[in-house]
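As annotated by TrEMBL, transmembrane segment applies to 12-30, 42-61, 67-86, 93-113.
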Amino acid sequence: MAPTLLDLAHWSTWAVCAVMKLPQVAAVLAARSARGVSVGSLLLELAGFLVFLRYQIYYGYPLQTYLEYPILIAQDVILLLFILRFSGNMKRALFYAVIFWGGWYMLTLRKWIIDLAMNLCTLISAASKLAQLRCLWQTKDSGQVSALTWSMSAYTCASKLWAT
């Protein structure tokens, strides 16, 4: 029974991650605005995902332990591009790409760097959520923030905690 529940948790997490950011992307596209969505929050989340993915690859973990991260990263990049487009900041896209590409390389220059970065991932993730909440508090408007995306994120976190 337990292996079946674990398999269900893993498969459902992967399935939810495959579409997690789509409601957020749809909300931004439908409104043609990124009002209420924090770029800083998205950048922190993307950084955390990239660190986690790089760590998993560096240490040779099995693909099924981190399969959802490349999917989430792709969705975050698409969402970031739409946010930058609708906020009129597309020029920053190249800057962010260079920073993340350089960071991806620098993470594995020394073993201690990737280990430290991984230890900071929980803090980065929490900072991401706090940045979004701060944006909502300051604007007093949820704008295009998708409650469905946040709900799916909460589900995947709970599922991962239970399965681990």
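Numbers here mean position along the shown chain, with the first residue as 1.
Note: Cβ is positioned from N, Cα and C throughout, glycine not excepted.
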Ranked by Cβ pairs within a distance under 8 Å of the transmembrane segment (93-113), the first of 12-30, 42-61, 67-86 is 42-61
Same-chain residue ranges lying at least 6 outside the transmembrane segment (42-61) that approach it to Cβ under 8 Å:
69-70, 72-73, 76-77, 79-80, 83, 96, 100, 103-104, 107-108, 114, 117-118, 120-121, 124-125, 127-128, 131
